[in-house]
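Taken verbatim from Swiss-Prot:
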DOMAIN    1-54  domain 'ClpX-type ZB'
BINDING   Cys13, Cys16, Cys35, Cys38  Zn(2+) binding site
BINDING   Pro123, Thr124, Gly125, Ser126, Gly127, Lys128, Thr129, Tyr130  ATP binding site
Amino acid sequence: MAGMQESADVLKCSFCGKSQKQVRKLIAGPGVYICDECIDLCNEIIEEEFDNSPAQKTDKALPKPSQIVDFLGDYVIGQDAAKRTLAVAVYNHYKRIQADENDHHKSDDDIEIAKSNILMLGPTGSGKTYLAQTLARMLDVPFAMTDATSLTEAGYVGEDVENILLKLLQAADFDVDRAQRGIIYIDEVDKISRKSENPSITRDVSGEGVQQALLKILEGTVASVPPQGGRKHPNQEFIQLDTKNVLFIVAGAFAGLEKVIGERRGKQGLGFGANVSSKEENELDAFSYVQPEDLVKFGLIPEFIGRLPVVATVNDLDREALVRVLTEPKNSLVKQYSRLLDMDGVTLTMEEGALNAIADKAIERGTGARGLRAILEEILGPVMFEVPDSEDVTEVVISEECVTEGAEPRLISSTEAERESA
């Protein structure tokens, strides 16, 4: 009996050498033993290898261009041409990444597909930013947004271009692999056009200088990103981020570009047989005819334009489109405010005249879809203050006069509603 006890005591894990007494569990196999601690360690190694494998990264099916357009259509009204352009560009971009990550997709000819960043042209409030945000949400990739006017060349007061990459890392919770597949949206890029068509001997640190500084990260480079924001922490360790697979969407209103395009097209259209179109048609469709030479004349440098081969144009939203923006998307503003009031047990009714008047006011202010929320806040703000204290109110009605004349919204009580239904 004592011999059997001694034999049990000498049983050891075949991997770490610990005895049966030193571990919680010792599992026996044909001539081998493994302890619970070694099992846990093996599980951790397998999980880590699986998380880092290319197959894991590309498991998620890439939506087709038609599916991307349909998804955008649920949230963004109009801009059909821009949606199609963006859908194809985004599909090709992430298809290219998947091909690079999966060796079996590489062909024998070793063709390397270049990155195609996107330039979006269109007036304020036409949906440029929202299109980019919706794309990132659909693809479930990190999204960072910055204003080009805040950027300056390195060494000058303002943000370095590396700070854009820091925002992307923050959006990815500092997961470098995830950040390297993200989307960066740079707005107001028309504001960094150089001041003159001809190169200047004076330094343009917030115009042409920023365009020059952006060239490398647009094309694809391994950038050193300061995790604490750069200039105030010179001794920090940098994070290396490869921008080869980061999709850049660069956008701007480009006010005045239509005149540049019109001048070029006007010269081409002189003489007998030339097509004559109205001034309104020219201004409406001008961006559709944009050429690289027009952007150079506007103030973008040729190298910068060359790194933005895909051009998507968006148009001003008219009254009908703005009314649809208010009511149709899945998260439309009217649906959002209806939900807020519904939480207080109140129904929101927007009369057709009110919707048209709100759209007209946004057009008058020149704010487009971006200004719709501010107008609704002006109308509904006082109501949302009163309603929580008014237990008998069941419905709020917004009429055209509430928008055009500042009339107070009609509050319908439960007794009044019963009287009207009777």
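Backbone N, Cα and C atoms are what each Cβ position is placed from, and that goes for glycine too.
Overlay of Swiss-Prot feature records on the structure.
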{"residue": "Cys13", "record": "Zn(2+) binding site", "contacts (Cβ under 8 Å, 6+ apart)": "Ser19, Val23, Leu26, Tyr33, Ile34, Cys35, Glu37, Cys38"}
{"residue": "Cys16", "record": "Zn(2+) binding site", "contacts (Cβ under 8 Å, 6+ apart)": "Cys35, Glu37, Cys38"}
{"residue": "Pro123", "record": "ATP binding site", "contacts (Cβ under 8 Å, 6+ apart)": "Ala253, Ala255, Val314, Asn315, Asp316, Gly368"}
{"residue": "Gly125", "record": "ATP binding site", "contacts (Cβ under 8 Å, 6+ apart)": "Leu317, Ala362, Gly366, Thr367, Gly368, Ala369, Arg370, Gly371"}
{"residue": "Ser126", "record": "ATP binding site", "contacts (Cβ under 8 Å, 6+ apart)": "Gln79, Val314, Asn315, Asp316, Leu317, Gly368, Ala369"}
{"residue": "Gly127", "record": "ATP binding site", "contacts (Cβ under 8 Å, 6+ apart)": "Val76, Ile77, Gly78, Gln79, Ala82, Val314, Leu317, Ala369"}
{"residue": "Lys128", "record": "ATP binding site", "contacts (Cβ under 8 Å, 6+ apart)": "Met120, Gly122, Asp187, Ala251, Val314"}
{"residue": "Thr129", "record": "ATP binding site", "contacts (Cβ under 8 Å, 6+ apart)": "Met145, Tyr185, Asp187, Ala251"}
{"residue": "Tyr130", "record": "ATP binding site", "contacts (Cβ under 8 Å, 6+ apart)": "Tyr75, Val76, Ala369"}
May I ask you to report the DSSP-based helix, strand or coil state of Cys35 (Zn(2+) binding site)?
strand
Neighbour count check, CB within 10 A, over binding-site residues Cys35, Cys38; minimum at Cys38
Using a 10 Å radius on the Cβ of Thr124 (ATP binding site), the other Cβ atoms enclosed count 17
Same chain, not part of Cys13, Cys16, Cys35, Cys38: whose C-beta falls within 8 angstroms of the C-beta centre of the Zn(2+) site? Give them in sequence order.
Ser14, Phe15, Gly17, Lys18, Val23, Leu26, Tyr33, Ile34, Asp36, Glu37, Ile39
Cβ within 8 Å of the ATP site's Cβ centroid: which residues qualify beyond Pro123, Thr124, Gly125, Ser126, Gly127, Lys128, Thr129, Tyr130?
Gly122, Val314, Gly368, Ala369, Arg370
